[in-house]
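Feature list (source: TrEMBL):
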{"type": "TRANSMEM", "residues": "22-41", "note": "transmembrane segment"}
{"type": "TRANSMEM", "residues": "61-82", "note": "transmembrane segment"}
{"type": "TRANSMEM", "residues": "88-114", "note": "transmembrane segment"}
{"type": "TRANSMEM", "residues": "121-141", "note": "transmembrane segment"}
{"type": "TRANSMEM", "residues": "161-181", "note": "transmembrane segment"}
{"type": "TRANSMEM", "residues": "188-209", "note": "transmembrane segment"}
{"type": "TRANSMEM", "residues": "229-246", "note": "transmembrane segment"}
{"type": "TRANSMEM", "residues": "253-277", "note": "transmembrane segment"}
Amino acid sequence: MAEEVGGGSWTDSYKGMSSDNIKGLVLALSSSFFIGASFIVKKKGLKKAGASGVRAGVGGYSYLLEPLWWIGMITMIVGEIANFAAYAFAPAILVTPLGALSIIISAALAHIILNEKLHVFGVLGCVLCVVGSTSIVLHAPQEREIESVKEVWDLATEPAFLLYAGLVIAAVVVLIIHFIPQYGQTHVMVYIGVCSLVGSLSVMSVKALGIALKLTFSGMNQLVYPQTWVFTTVVVSCVITQMNYLNKALDTFNTAVVSPIYYVMFTSFTILASVIMFKDWDRQNATQIMTEMCGFVTILSGTFLLHKTKDMVEVVSSPSHSFRGSKHTIEDGFGLEDMPLRVSHPSGNSTFSVSPAYPWKLEKKMNEGGWTESLDSA
C-alpha cells in the first residue's frame with residue numbers, strides 16, 4: 001500500500017523509464033569517457049608548459065600556448081557538450097553521478113600515461129564509485145515536465161534556491177580572497193571547493209538553457225525570453241571560473257586525487273541544488289531516497305579509498321620524505337620545489353628541516369639570525 005502511494009511498485013519504476021531519461025543516460029556515459037580522457041591530456045599539456053614557463057598553479061598562463069593543453073580542452077568541451085545535452089533530457093540526480101566513470105578513466109590513464117601509481121585499494125575505490133553511482137541511477141526520478149523556460153525561472157527565483165545561491169556566492173568569494181592565497185598550494189580542497197560550488201550553479205543554469213534549446217528545436221521558440229539569456233550569461237561566467245581553478249588544481253596536485261574529490265564535491269552540491277530547485281525528491285518515496293543516499297555514501301567510501309591510497313603510494317615510493325602539498329617530483333622538472341630543506345646553524349650544534357610547502361616556518365627561523373640552508377639529501 002505504501003509503495004502504491006509512493007508512485008507504484010519497485011518493478012513499475014523501472015518499466016516506466018522514459019525515452020528522455022534513456023537519452024540522458026547515453027549522453028552522460030559518452031560525456032564521462034571524453035572528460036576522463038581530457039584530464040590526462042590537459043595534465044600532460046600543463047606539465048609541458050610548466051617546464052618552459054610559469055606554472056598554472058602559481059598564477060601562470062603559459063599553458064594557453066601549449067597545443068597539447070588545447071587538445072585536452074577540446075576533448076573536455078566535447079564531453080561537456082554531451083553532458084549539457086544529457087541535462088536537457090534527464091534530471092541532475094541521474095546525470096551527475098555518472099561522472100564516476102570519468103574518475104575510473106582518469107585514474108587508469110594517469111597510472112599508465114603519467115606514471116601516477118594507483119594502489120590496489122584505489123582500484124577497489126573505483127569499483128565502489130561505480131556501484132554507488134549505479135544505485136543512484138537505478139532509483140533516479142523521472143524528468144520533470146517543463147513547457148517553458150519561464151517555469152524554470154520561477155523555480156530559480158523561489159526563496160529556497162535564492163538562499164542557496166547567495167550562500168554559494170558568499171562562500172566562493174571567501175575562498176578566493178582569503179583561503180586560496182594562503183592554502184591553495186597545500187590544500188586541494190580549496191581549489192576544488194571553488195570549482196564545485198560554482199559548478200552546482202552552472203549545472204542548474206545549463207539544465208535551464210538545455211531545456212530552452214530543446215523546446216526551441218521542437219518548435220516552441222524560447223530565445224525570445226530574456227530568462228534564456230540570463231541563464232546563458234550565468235553558464236558562461238560559471239564555466240570560466242570552474243576552468244580557471246580546475247587548471248590550478250590539476251597543475252598543483254595529483255590527478256588521481258583531484259578527479260575523485262572534484263567528483264564527490266561537485267556531485268554533492270549539484271544534487272543538493274537540484275533537490276532545492278527542481279524538487280526532485282518530491283516525486284520519490286522514502287525507499288528510493290534512502291537507496292540514493294546509500295549509493296552516495298558508497299561513492300564517498302570509494303573516493304576516500306582513492307585518496308588514502310595516493311598517500312600510501314607516496315610513502316612507498318619516497319619513504320624518506322613523505323609530506324603533503326605539491327606533488328611534483330624531479331622527474332616532472334620541479335623536484336627542488338618539494339624537497340625538504342635542512343637548515344643548520346654555523347656552530348653545528350643544531351639543525352631543523354622545513355618543507356617548502358610551509359615557507360613561513362623557514363622564514364621565521366632564518367630571521368633569528370646565523371642560520372644557513374641546504375637541500376636535505378637524507
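For all residues, glycine too, the Cβ spot is worked out from N, Cα and C.
Keep in mind that TrEMBL annotations are predicted by a computer and have not been checked by a curator.
Taking every listed stretch (88-114, 121-141, 188-209) in turn, the largest tally of C-beta pairs under 8 A with the transmembrane segment (22-41) is reached by 88-114. Remote same-chain partners of the transmembrane segment (121-141), defined as residues 6 or more beyond its termini with a Cβ less than 8 Å from a stretch Cβ, comprise 13-14, 21, 25, 90-91, 93-94, 97-101, 103-104, 107-108, 256, 260, 263, 280-281, 283-284, 288, 291-292, 294-306, 308-310, 312.
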